[in-house]
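Peer 1: Copying in the features that TrEMBL gives for the protein in this structure:
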REGION    1-25  region 'Disordered'
COMPBIAS  8-18  compositional bias 'Basic residues'
DOMAIN    40-260  domain 'tRNA methyltransferase TRMD/TRM10-type'
BINDING   Gly148, Leu168, Gly169, Asp170, Phe171, Val172, Leu173  S-adenosyl-L-methionine binding site
REGION    244-266  region 'Disordered'
Amino acid sequence: MSDQNPSKHTKSHGRKTMRPTLKPRELMTHQPDLARAWQAQVITLFPGAFPGVLGESLTGKAHKEGKWQLSTVDLRIFGEGKHRNVDDTPAGGGAGMVMRPDVMGHAIEHALRRAPGPLVYLSPRGKRFDQQMARDWAELPGITMICGRFEGVDQRVLDHYNIAEVSLGDFVLTGGEIAAQAMLDATVRLLPGVLGNAESTVDESHSDGLLEHPQYTRPADWEGHEIPPVLMSGHHGKIAEWRREKSEELTQQRRPDLWAKHKDQE
Ligand code: SAH
């Protein structure tokens, strides 16, 4: 892998410590040509949580086929002292622990030497992740994600590396790992060739600012509930029109915010 360490990230830390040879967990089985694969890298205290659900189904298949690559950087390896400490009490007092900037800094330096793409910190204070962000990320060569734990990461490390904060939603998780997997799933499925049917990302919820229409499949009659007859009519024009109407109806009812935006763009 090429060393794409941008100069702004190479500031010396002034202190050199001997560290073990670092072999971040490679989650890929051997692939001869991964040079062009989309690269996801995750800095975490819980590398065993990966690939997790990303190893299943379409994302798992694409992973095995080398369409994207996943590696983790085990933060614990960079911990200080006999116990490899990664956290300490908050300056100014208060509950919980804060992730140390020196430990995180070493992990980040290591990660930046290995993979291209921007650094993001998963955080409930961040910009809300959405479909557009997934699309933007899918255009990049890859991304490096930092999963926090405890009360989060020392602010200085976020400022020093100018790290963007991204949130999965307005709630608080115990760690960034689930958020990382959710965001990687949403991004990886947009990479070329990951979904079997390229059409399936065109019509779905959030692709055009609307929620998707309801879906039905056989049996035609289930417990006395029938599939809307128009869907059984074979009339493609009418089906498309019905779907559009339902999509607009649902969006108006459930997401007035999306509906207003959609109207503005028309
Ligand atoms: N004290 C922090 C919350 C820390 S939760 C605060 O009040 O803002 C511990 C870690 O979980 C965070 O560092 C972050 O990496 C992750 N996390 C929690 N909620 C998240 C969310 N909504 N989106 C993304 N990551 C989240």
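Yeah, the Cβs are placed from backbone N, Cα and C, and that goes for glycine too.
So that I understand the layout, could you describe where these features sit and how close they are to other parts?
Peer 2: Secondary structure at Phe171 (S-adenosyl-L-methionine binding site), as computed by DSSP, is coil. Applying an 8 A CB threshold to same-chain residues 6+ apart, the list for Phe171 (S-adenosyl-L-methionine binding site) reads Pro124.
Long-range neighbours of the region 'Disordered' (244-266) within the same chain, counting only residues 6 or more positions beyond its ends whose Cβ lies under 8 Å from a Cβ of the stretch, are 208-214.
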Peer 1: Which of Leu168, Val172, Leu173 has the fewest nearby Cβ atoms, counting only those within 10 Å, among these binding-site residues?
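Peer 2: Result for the binding-site residues Leu168, Val172, Leu173: minimum number of other Cβ atoms within 10 Å at Val172.
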Peer 1: For ligand 1, list the binding-site residues among Gly148, Leu168, Asp170 whose CB atom is within a distance below 6 Å of it, in sequence order.
Peer 2: Gly148, Leu168
Peer 1: Would you identify which of the binding-site residues Gly148, Gly169 has the most other C-beta atoms lying within 10 angstroms of its C-beta?
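Peer 2: The largest 10 Å Cβ neighbour count belongs to Gly148.
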